[in-house]
Amino acid sequence: MTFIKNYILRLQEKIRYYGYLYYSLGSPIISDSRYDYLIKKLKYLENKYKFTWLKKDSPTLTIGSPGLLGLKKYKHITPMLSLNHVFTASDYLNFYTKVKVFLKEQKINFCCELKIDGLAINLIYRKGTLKKAITRGDGITGEDVTSNIYLISSIPKQLCGFNLPRTLEVRGEIFMLKSDFARLNNKAINNHTKTFSNTRNASSGLLLQKHLKTDAIKNLVFCCHGYGYFPDNLNMFDHSSRLIQLKNWGLPISGYSSIFNSNADILNFYKKIKSIRDFLDFDIDGIVIKVNSIIFQNKLGYTHKAPRWSVALKFFDKEKVSKILKVIYQIGRTGVITPVAQIEPICISGVTIRKVSLHNFNVIKQLDLHIGDVVTVKRSGDVIPKIVSVVKCYRSNHAQRVVSPKLCPVCKSKIKLDDNSVKVRCSSGVMCKGQLKKLLYYFCSKHGLNIYGLGYKIISKLVDNNYINNFSDFFNLTYDKLSNLDDIGKKTVLNIISSINQSKNITLSKFLCALGIRDIGLGKSKIITKHFTSLNNLMNANIQDFYLIKGIGLNTAHYLFNFLNNKSNKEMVFHLSKNLNIYSDHINRNSIVHKSNILFNKRIAISGSLQTFFRVEVINIIKKLGGHVTSNVSKNTDYIIVGKNPGSKFIKSRTLNTKVMLEHDLLKIIKICL
């Protein structure tokens, strides 16, 4: 079971990383189908093994990704949810059956549209005038890109016609035509500047830029496919009618939308679109199927992440053949050495692939992989993207067998085999610069102190220049030291120093996770620190204390105890505690007193999952502060505290203009009143 828990945690971490690259940076390194498959796999594992604590902040419960540093944030009027994805006709029929059974209707109309591959955007109009343009972000708040949007000619700045609503949220996709993309990249090649790998990357990169390249951003196109807040008093009770109204107001909509009421027609539409896909001047990755009736949509409702009345039926990706150029070895923060195949570049669904993880040396043995082999690389919706086979008929006499290294690729120390005989590790610990760099990077990442700007490349340079050798050294970094590094500007240096200062307040669980102890991620850190009220209590615990923690295996208990009882680690933790304000995840309720605060005598609702506290703790904290927690939202509700993946209470609160309080706002109040 410990192996399964660790596997789920690693899968969650991997998906969060891929999601950040996709949603926030617009630079995915995996195909959509691989990402969707990983999400599907994670859902299956979470539901099968029912480790409820693992699901608390799982990417299966989140929308999008945290935003980019430097762009202003703005709240959506209504949550900007994602879509559930399916890849086969049978999966679509599953969706259809659930809808039909729930509604108990014989005839249901569906609106089918193209799933354009671009960047989702939310446009807010006030009395017909464009006021805000916001990216999806995490579904609650997104990046404010209004100034950039004004340069896109296909987005009307002023709506036309009659019955213009006081407030309107328009949802759509920003994308680039293939022909414009080709011209953009050709120009970049001629000017020896950066090119984009696909149209979606180009759309995201241009829209999210801080320093506008006006000529380039004018190439972007907008297509409306829906709405968020849409007034009911307009008496339009189906999706297609609302789209037509949006078109009449001047918003561009797709000419490929169609209404069907039979599965045969819907699947034929899917096949037709798939057949013309390559002839369109814009990228699509499937079709979107929506229940057309707004009344039916409201009955079906929403999950925490997506509407129950809509689904994306996506296209499968393809297999392609490439050649193994060489196998390199990458080292992780705990010393695990992972073989990675470097292949001749291939492009599958707009993603250029140059490297493929081989995971471990058992995979190499099973494939009988040789350097120089021709291999089949698959990235599809139902199989983990990987090298699926070796085309042995093309193997030359000069092909070299891939063998496990005897020495660490970084420090040349001896490597050792794990107990399970699958993983191999460097035996040098942090004396190995490869491990040290990865460990320091992990410490600064969102799993730890979340220091923006300190990426792996900068940390690597800091280590190479002997500016940092341990965690405490981050707090001794100066403007001069950072400025001495190559390719780092003044603004970046100031941002890093500011972010280091902001990172000094940290929960005990995040601090424990940041230390990078083997087998202990954020999930296990939260379980462990639930049993200890302070860092001092944790440091003084014995091995038996760790054995007794439910959800922590014997191996993990040993890794934790050995780390905390190592003399140099103890000194390191002591020095860190001098630089950091480490506080308990679990507030001592008795220490909270009544003081003048904005929650006193207020009616407060809670929606979504909170990251710092359990729900019951927040309820008790609000009571101690003199507030009243309500189970529903009404016009009498003063505040709604919103966490990740808020539900129907949050949606209702938007219509009532209830004041919104985010988790960090609550934390500020608690710190003042403690």
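In case you wondered, yes, glycine gets a Cβ from its N, Cα and C as well.
If you check TrEMBL, you get these features:
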- Lys115: active site, N6-AMP-lysine intermediate (ACT_SITE)
- Asp32, Ser33, Arg34, Tyr35, Asp36, Ser82, Leu83, Glu113, Arg136, Glu173, Lys290, Lys314: NAD(+) binding site (BINDING)
- Cys408, Cys411, Cys432: Zn(2+) binding site (BINDING)
- 594-671: domain 'BRCT' (DOMAIN)
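Figure note: comparing Cβ neighbours within 10 Å for the recorded positions Lys115, Arg136, Lys290, the maximum is reached by Arg136. Reduced to three states, the DSSP call for the residue listed as 'active site, N6-AMP-lysine intermediate' is strand. Long-range neighbours of Cys408 (Zn(2+) binding site) (same chain, six or more residues apart, CB within less than 8 Å of its CB): Ile331, Ile337, Lys414, Ile415, Cys426, Ser427, Ser428, Cys432, Gly434. Listed in chain order, the extra residues whose Cβ falls within 8 Å of the Cβ center of the Zn(2+) site residues Cys408, Cys411, Cys432 are Ile331, Leu407, Pro409, Val410, Lys412, Ser413, Cys426, Ser428, Met431, Lys433, Gly434, Gln435. Note on proximity: of the binding-site residues Asp36, Leu83, Arg136, the one nearest the residue listed as 'active site, N6-AMP-lysine intermediate' is Leu83, by Cα distance. With helix defined as DSSP H, G or I and strand as E or B, the domain 'BRCT' (594-671) counts 27 helix, 17 strand, 34 coil. With a cut-off of 8 Å between CB atoms and residues at least 6 apart in sequence, the same chain places Val288, Ala306, Pro307, Ser310, Val311, Ala312 near Leu83 (NAD(+) binding site), listed in sequence order.
Residue environment of Cys411 (Zn(2+) binding site) contains 17 other Cβ atoms, counted within 10 Å of its Cβ in all protein chains. Arg136 (NAD(+) binding site) and Cys411 (Zn(2+) binding site) are 43 Å apart (CA-CA, integer value). Computed over the domain 'BRCT' (594-671), the whole-number mean pLDDT of the model equals 81. Cβ neighbour count for Cys432 (Zn(2+) binding site) (all protein chains, 10 Å cutoff from its Cβ): 21. A simple way to gauge crowding: the CB of Asp36 (NAD(+) binding site) has 19 other CB atoms within 10 angstroms, across all the protein chains here.
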